[in-house]
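Taken verbatim from TrEMBL:
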DOMAIN    8-233  domain 'CWH43-like N-terminal'
TRANSMEM  12-35  transmembrane segment
TRANSMEM  55-73  transmembrane segment
TRANSMEM  94-112  transmembrane segment
TRANSMEM  118-144  transmembrane segment
TRANSMEM  156-182  transmembrane segment
TRANSMEM  202-227  transmembrane segment
Amino acid sequence: MWWFQQGLSFLPSALVIWTFATFIFSYITAITLHHVDPALPYISDTGTVPPERCLFGVMLNIAAVLGLATMYVRYKQVHALNPEENLIIKFNKAGLVLGILSCLGLCLVANFQKSTLFVAHVCGAVLAFSMGSLYMFVQTILSYQMQPKIHSKQVFWIRLLLFIWCGVSALSMLTCSSILYSSDFGADIVQKLHWNPEDKGYVLHMVTTAAEWSMSFSFFGFFLTYIRDFQKITLRVEANLHGLTLYDTAPCPVTNERTPLLSRDF
């Protein structure tokens, strides 16, 4: 049996692989068509101009769905492992809400390009990165609360290091982008896709884009830590029938049907 056949471990793997492929495919298309510069463009800049915009939007929407499914499974797993721990239950619910908001932001980024509706695009990016960072923080706290009883200390330390990586990248991106867009570096800086080393604000731009890519890879690493956890869980869907037909008749007892959701039991 392959590792990705155990439980739902394929879910975080698919999320990371698919999202990485989204960035890479749109990046390759954009630089091949000379729509962006090869040296560290904004991730969303690689999905601004057709045809890569179509590819970027569709694939990123699917990534958001995979992210939502991964976060929901994580929520159900933590809840099942800690049914009576009030503090863990509260953090777990908060994590699910933050994860949903992060995926919503990802959808906004996918469907509203900065060249068409800049405000919506920026709101989506802020929502995705900020809520995603808080989600990592909450999950790191949960990992601390559940070690060493539920899992090893190494898992907590790995997630803590990944969260610190994410935090440093977020702080760098926020600081440099704030200086870049609040300074007088030109009226077209918001829509600018091509940068030269001689341009004003070039260094700030490069630091911002490098921090954005770095932050994205910290997310990838964090979700990869779910693989081993997800090998220990499967979800099942239960259909409760209240009659043998769909007519308005008196209910009669019917045996419930249980079918696996996304995975078989191992």
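Heads up, residue numbers simply count up from 1 along the chain you see.
Glycine residues also receive a Cβ, built from the backbone N, Cα and C atoms like all the rest.
By the Cβ criterion (under 8 Å, sequence separation of 6 or more), the transmembrane segment (118-144) is in contact with the transmembrane segment (202-227), since 3+ such pairs are found. In summary, the transmembrane segment (202-227) lies against the transmembrane segment (12-35): three or more C-beta pairs, each 6 or more positions apart in sequence, are under 8 Å. Within the chain carrying the transmembrane segment (94-112), a Cβ under 8 angstroms from the stretch's Cβ atoms is held by residues 44, 47, 56-58, 60-61, 63-65, 67-68, 71-72, 74-75, 78, 120-121, 123-129, 131-132, 134-135, 138-139, 142, all 6 or more beyond its ends. In the predicted model, residues of the domain 'CWH43-like N-terminal' (8-233) average a pLDDT of 90.
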